[in-house]
Every structure is written in C-alpha cells, then in structure tokens.
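Structure, as structure tokens:
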Amino acid sequence: MGLQGPAKVAIIGTGYVGSSTAFALLFSPLVKEMVLVDVNHAKAEGEAMDLAHAATLIRPVEVYAGRPADCAGSRIVIFTAGANQQPGQTRLDLIHRNTAIVRQALPEILHYCPEALVLMVANPVDILTYVAWKISGLPENRVLGSGTVLDSARFRHLLSRHYRVDPRNIHAYVIGEHGDTEVPVWSLANVAGVDLEEFYLMDGMREEEAFRVEISHQVREAAYEIIERKGVTSYGVALALSRIIECILRNEHSVLTISSVIRDLYGIDGEVALSLPCLVGNEGREKVLAIPLVAREKAALKHSATTLQQLIAQLSL
C-alpha cells in the first residue's frame, strides 16, 4: 500500500482514551475523517458533536458517531474499547473481560474495512494485540499495539530531568510487556550517542546503580501513580497513539516500540506479542530491529515473554 493522502480512521470506544485520542488527531492534517463507535451510541454521539465543534476552530475534519458499517474505508482501526484499569488493579487483571470485548467487536468492524491496519490500545495491550492478530487472520505487520511507546517516553522524560537534557536528544527504549515485567534498556540509553555514564562523568559525577533501580521503578509505576490520583491515564497515551498513526500515514519508517507478534527472537521460544523497537511505516510494522542486549536484559525480556505466553495459554484461541 503506497503513501496516500489524508485518511479516515475509526476509533472503537469513546472513553477517556478514545476521546482524548480523537481530540489529539484533530490537530493532525493526515486525518480527514474520524468515525467514533461505542456500545453506548449516545456517548459516541456526544463526543463526536463536541469534537466536531472544536474542529471548526482548527481545520476541516469530519467527525461523527457511527456503527460498525460506518467504518468502511478506514485506513486504521484504533481499538480502545474495554474495561478501565482501576486503582490497585494490574493491566493483566483485565485479560478475560477485555478479550471477550475484542472477540465480539473486532471481526464485525473488520468485515467492513478488511484492508485496515489494527492499532490495539485496550489493556492488557500485548495480550489483546495477540488476540486481535489471532482472530482477525491479518498478517502480523498489520496488527500493532501501542506497546511501550508511552513507557519509552516516560523513561526519556525521567532521564531528561536527571541529566538536564532535552528529552528529544535522549535515546532510550523500554521493551517487553507494557506492564509489570517491562524492561528499560539501560545498556543502549544515550544522549546524542554518548553513553549515559560517560555523559554523567563529563560533569565530574558518578552514576549510582540505585539511581537506575529507582528510575526503572518510576517508569514501571507511572500509570499506577496517575490512576491513583486522577482515576485514568489519557493524555500521554493519546499523544503516543497520535505519534504512531502519523508515523503510519506519513510513511516515516520511524523506530517505535510498538507491540506486535514475534516468534523465536532473543531466545524466546514460540510466538508472543510484546514491544521491541520496530520500523513503522504505511504497511504497519516493517521490520523488528535486533538490538544488542546485555545478559540481564535478555533474561528480563525472556521472563516478560514467558509471563505473557502463560497468560495467552489460558485463553481459548
């Protein structure tokens, strides 16, 4: 599929994440039309009306509430529908309830837009990305999850505050599960190509291992901290999704830590969906990058994959 003009996207679910994503996409010239689909159609209508009014102040874009049939012609299906994570819950606690929602809704949506890419957002996103791939019959490159794109941004944010450097000049990734077993890749983190420890030494300071442990903890716990305080995460994930969508529609070939189905990589036996740095363009996932990991990162990634595989095995797919 070649590079195309402004596209139509379908947003399934108009909760905090779905509506925040729609709002973020109002500012993207790459999106010309958005259809909002929700089991609560009145809620979708209200969100669409509000967004359509806002669009008048930004640029011409068509926003409306629809049914599955109205998803016809969509370039990307953004699946946010699902039960929200509550305070004290892990993302994995949502597995059976949200798997049932994906199984019920996604096939009908794709019936009307069989050429679309699927961007899974609902949690647990890695498992639901795998479920979406399995039940849709789509090739692996066309079923993506938001993965650890936001986690990687959180990692860079915390590093930027510590090192007092623009986060756009920090290269650092979080891989594996979007959740409790995620793996910050410290061995490759750098500022403009300069290893973090060397960068710190330039100021005559020495980095302590305790610092890395604390930053890793903060990245992992960030969503829980936000949910405890405001009940939901929305803005960060909405902009992470906007970034992924623009990367696809602009055919950027950018490196993003999306979740997708992989098999037999990094010593992981069998198949699983998890996040790794991938080239992303208008075909979806174009390539999974084989980044060099140190032994403990490889072990942590394998543990993350095994955790996800054990949970997937509990589902009848």
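From the backbone N, Cα and C atoms, a Cβ is placed for every residue, glycine too.
Owing to the predicted nature of the structure, the values given are computational and were not obtained by experimental measurement.
For the NAD(+) site that Swiss-Prot gives as D38, K43, G82, A83, V121, A122, N123, S146, the extra residue drawn from V9, V17, V174 is V17. For the pair A83 (NAD(+) binding site) and D151 (substrate binding site), the Cα-Cα distance reads 21 Å. When secondary structure is read from DSSP and collapsed to three states, N123 (substrate binding site) falls in the coil class. Fewest Cβ neighbours within 10 Å among the binding-site residues N123, S146, T233: that distinction goes to T233.
Take the recorded positions R156, H171, H178: by the count of other Cβ atoms within 10 Å of each Cβ, the lowest one is H171. Comment: NAD(+) site residues V17, D38, K43, G82, A83, V121, A122, N123, S146; largest CA to CA distance 24 Å, whole number. Taking Cβ-Cβ distances under 8 Å and a sequence separation of 6 or more, the neighbours of Y224 (phosphotyrosine) in its chain are P87.
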